């Protein structure tokens with residue numbers, strides 16, 4: 001049995017590079033031909049986690065060639081797909097538009113078979129034995145809620161995409177991992193969170209568990225609720241090519257490190273380092289293991305700052 005169980009989505013990503021992201025009503029031409037890759041938040045996070053530890057995945061694909069491709073890709077990455085179920089529907093797909101230069105992206109997801117993932121598809125055995133269960137919200141909320149309630153181990157939730165009713169999950173979540181947009185949504189805020197407001201905003205996050213809030217190039221803010229401590233982890237400097245999937249990489253590595261017994265701040269630091277490295281190449285999935293020497297080099301440039309109230 002794997003120490004980490006990921007329950008979530010798996011999609012086929014169609015990636016279009018563009019000179020600039022289009023604004024409302026604007027048509028832009030792709031800078032080069034589209035590319036196709038395996039994706040989906042659950043799949044991406046499972047693959048990133050598999051570079052650090054053993055991972056089992058629960059999800060749904062369609063009864064089509066895309067589903068076969070998605071299963072094969074997960075298996076090749078070292079993910080246990082025993083519990084990847086086939087549904088009478090099309091597999092999930094996503095259109096990913098990536099801005100050249102900045103690496104920023106916009107994504108539209110057709111959930112397909114992911115919408116049919118049911119509580120009955122999640123076997124009780126792995127839920128009872130996994131040290132960490134990692135969830136996202138590209139699957140039905142009722143399924144995510146049932147998994148969180150039944151999990152015996154630590155529950156880590158990436159509340160993406162934001163959906164109505166997510167707050168109902170938070171009383172069973174041990175570690176919440178929102179990005180800035182998701183944190184603002186949870187707090188009911190429209191305005192951007194300024195750097196000097198980030199620590200206070202993370203402390204205000206709803207729920208009873210710890211929080212690892214990601215702020216893109218500004219790194220992550222880790223709130224240890226029982227200690228009432230916020231630690232800012234500033235990322236290593238890298239040359240950014242494509243930010244697609246960086247958040248998924250961070251979530252997967254964070255969950256893997258927690259499953260291996262790491263403390264929260266140390267796990268978050270490793271996750272920030274690997275996620276930063278993932279932005280130096282194209283594609284939504286990080287599949288390359290990072291050895292200790294490379295990780296130590298990245299850690300040496302990371303800055304940790306404990307922020308008092």
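These residue numbers are counts, starting from 1, taken along the chain as shown.
Just so you know, glycine gets a Cβ as well, placed from its N, Cα and C.
TrEMBL annotations: computationally assigned, not manually curated.
On a predicted model such as this, the values are computed, not experimentally measured, just so you know.
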Of 248, 291, 292, residue recorded by TrEMBL at the substrate site of 11, 12, 13, 40, 41, 42, 43, 44, 138: 248
Fewest Cβ neighbours within 10 Å, where candidates are the recorded positions 13, 248: 13
Residue 11 (substrate binding site): secondary structure state under DSSP, collapsed to three categories: strand
Listed binding-site residues (43, 217, 219, 283), ranked by Cβ neighbours within 10 Å, top entry: 43
CB-centroid shell, 8 A cutoff, K(+) site 242, 244, 278, 281, 283, site residues removed: 103, 241, 243, 245, 246, 279, 280, 282, 284, 285, 286
Of 11, 179, 244, 278 (the binding-site residues), the residue whose Cβ has the fewest other Cβ atoms within 10 Å: 179
Cβ-Cβ neighbours of residue 215 (ATP binding site) (radius 10 Å): 19
Three-state secondary structure, which DSSP defines for residue 217 (ATP binding site): helix
